[in-house]
């Protein structure tokens, strides 16, 4: 099919409908009438030979063919936006939507601070936070669905991605404050071995990188481990620990937040498990994009406790060190 014979605006209309979830929302975003959106969708359906969107209740549901197009549209629109913006990205005026993937421990500890800085730095832009499951299931950064991801990527990246280290995360253990067997704030080897534990499975039912690192530490130190419960969120682990005698292992900052909210206490274990480097990862495709770079710089500034200003970012790579991930 000859692209010169196709009205590419039809695909922009479909992208807007998928992004807003309705023809009305797309019309508002594109500053056109709803009938213009409906006419564009009708032409695109005829062109592609697929219904693309079918009505379900009060909304529109994408067909399988439309779902195949979604990441391609997202990627194409993002690339066009880069071409149009060039080096003139103005964070205060940008209406772009940025997507950040992270685990629920970052949801608890990092996202609130990022949102605060984002609202100040990019008041017209949108921020979407998605789960690591979404990132893995959609291959998000390769398809353009996700701009950056927070996690222990330094030990789990592949070629084609860039990584910047942000901070070290300690391993902590929590139990309920009135635990009958564990007095004080020290977790002894005997208490660890005798207790039942809560597992946190992160991405698509698999143990997270942190759990895998701790498993190596446990075996090296001859610790016994009896799992009684597996959950998918650290908050769920903390809630379960308040009602049982189970021990929940988790990132140190997450433990601090949960102990401030719930009747839990944080325990120290000696020798201390090794800390884990938390990093920001992004695709090399967006490495030089001024908008993406500004967003990544904001996240890095927040999590490295650097001041976030309103000044326009320089049109060169950020001063903080980043490295390209190598295949392992």
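The backbone N, Cα and C atoms fix where each Cβ goes, and this holds for glycine too.
Listed in TrEMBL for this protein:
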type	residues	note
DOMAIN	6-63	domain 'HTH lysR-type'
REGION	306-328	region 'Disordered'
COMPBIAS	306-315	compositional bias 'Basic and acidic residues'
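Counting residues per DSSP class in helix, strand and coil order gives 35 helix, 8 strand, 15 coil for the domain 'HTH lysR-type' (6-63).
In the predicted model, the domain 'HTH lysR-type' (6-63) shows an average pLDDT of 90.
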